[in-house]
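Asks: Among the features that TrEMBL reports, L-histidine binding site is placed at Asp137, Leu138, Thr139, Arg164, Gln180, Asp184, Arg333, Tyr337, Tyr338. Among the features that TrEMBL reports, domain 'Aminoacyl-transfer RNA synthetases class-II family profile' is placed at 39-426.
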Amino acid sequence: MAMVALTCVRGCSGVGVIRTALRLPHLRSVSGITVAQIDEEVAKLLELKARLGGDDGKHQFVLKTPKGTRDYNPKQMAIREKVFNTITRCFKRHGAETIDTPVFELKETLTGKYGEDSKLIYDLKDQGGELLSLRYDLTVPFARYLAMNKITNIKRYHIAKVYRRDNPAMTRGRYREFYQCDFDIAGQYDAMIPDAECLKIVHEILSELELGDFRIKVNDRRILDGMFAVCGVPDDKFRTICSTVDKLDKMPWEEVKKEMVNEKGLSEEAADQIGEYVSQHGGMDLAERLLLDPRMAQSKQACAGLSDIKLLFSYLQLFQVTDKVEFDLSLARGLDYYTGVIYEAVLTQAGVSNDAQNGAEESVSVGSVAGGGRYDGLVGMFDPKGRKVPCVGVSIGIERIFSIMEQKAEVSAEKIRTTEVQVLVASAQKNLLEERLRLVTELWNAGVKAEVMYKKNPKLLSQLQLCEETGIPLVAILGEQELKDGVVKLRVVATREEVDISRADLISEIKRRTSKA
């Protein structure tokens, strides 16, 4: 028995199709449904459609950004640019050069490099015979770049967007599309010197950005693997147990242990032994103590890792950063490609005042703000002959840092400028548009950042108010008398001080005054 289903969705034009079909004789009555009944239902659908937005054929949709993404207004971009500049200056100070790579890679390039996080990779539809994925981080594309170009020695930084199909927590700076700022040193060097410099860079950036107190946690993948081995973890469970240990910064030990035993199939005895170790943290003294630990002494790789941690701390003392660095056995970092030292920077206090009057401070929870480590085997995974290029690097979590900077700006009385205009060319009388345009052209040609109002005869008060609102520090005022005398009246917006400057000296005077700012 035939059935007729009438469906109307927002933006559909199916009612016309139904009416056309009704003109056909064999559709006058279907399963006892008469034309009159169908017309009645069509009328209801039309009424519903009118309420949903009419039958104009336009698709009705909500204007929004995709989940896990956001727009940035000029004020937010000004803060963001300041952070980028601070980070880039630091990278350059340490001798890094920059590269760029495609935003998408061959899917096989990214597959098998991220452990359990591989499920977060964005796969693209088949485009012309190539299976592609959006890059998950900047490290794997960097390793592919080194192998492809047979580069064995480089110190590089890379600032670009990456993509993760994660559950976004945007208030904590967690997005699906976000920037990473990476610094990496590739090449065969003496142990722990490049690793120590990466930690020094993290210390410099977080100190300069004044985000609040922070700690840089350090561990070594060899220590973790050795610890798992002596605690009775089967070899094939190392990586999956490592991913579980990595959750200790988000979950209490009881829940982590439960996941190890119930979900990962680890024995309770092995989990308890791991628990004894991962609760320990300290400095060089902890590394020395663990080297004497009878159980850890059974693992050669754990001892090698502990010796390198000792060496690392000796270099960190010379770099004057040990006040912020701690050896933490619970740090795991779940990515599969790490082979040696690993580290992560976390904010222990990000003070943002919610009440300007009483100065109350609230801690902003943002998680880690930087992380990295040594990955000596990754480049070899792409090389046809398996040739390894030792690498160590760090990635700055720019979005989380930006979340804090943005909140601080909101509660701060400080005005954030969104342009860099140094001077507004203004007129005190009418009919001086041509003179204003001549002068602003002179300023532009001399490299001065300048603006004019887009009106033939703007009021002087309106021009001065524009400077107040946008933070332009100087106003070059033209009037009939100034033109006769060959001068320009230069006004300092903040103090309202005015001084006549000869036209020939104007550019040098503007540069002199703005260079102090």
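Every residue gets a Cβ built from N, Cα and C, even glycine.
TrEMBL does not curate its annotations; it predicts them automatically.
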Asks: Can you name the residues of this chain that are 6 or more positions from Gln180 (L-histidine binding site) yet have a C-beta less than 8 Å from its C-beta?
Replies: Asp137, Leu138, His158, Ile159, Ala160, Lys161, Val162, Ser395, Ile396, Gly397, Ile398
Asks: List nothing but the largest Cα to Cα distance in Å, as a whole number, among the residues Asp137, Leu138, Thr139, Arg164, Gln180, Asp184, Arg333, Tyr337, Tyr338 that the record says bind L-histidine.
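Replies: Answer in Å: the longest Cα-Cα distance is 21.
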Asks: At a 10 Å cut-off from the C-beta of Tyr338 (L-histidine binding site), count the other C-beta atoms across all protein chains.
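Replies: Here the count is 26.
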Asks: Let me spell it out: for each of the binding-site residues (Asp137, Thr139), count the other Cβ atoms within 10 Å of that residue's Cβ, using every protein chain shown. Which one has the most?
Replies: Thr139
Asks: For Arg333 (L-histidine binding site), list the number of other Cβ atoms lying within 10 Å of its Cβ atom.
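Replies: A 10 Å sphere around the Cβ of Arg333 (L-histidine binding site) contains 22 other Cβ atoms.
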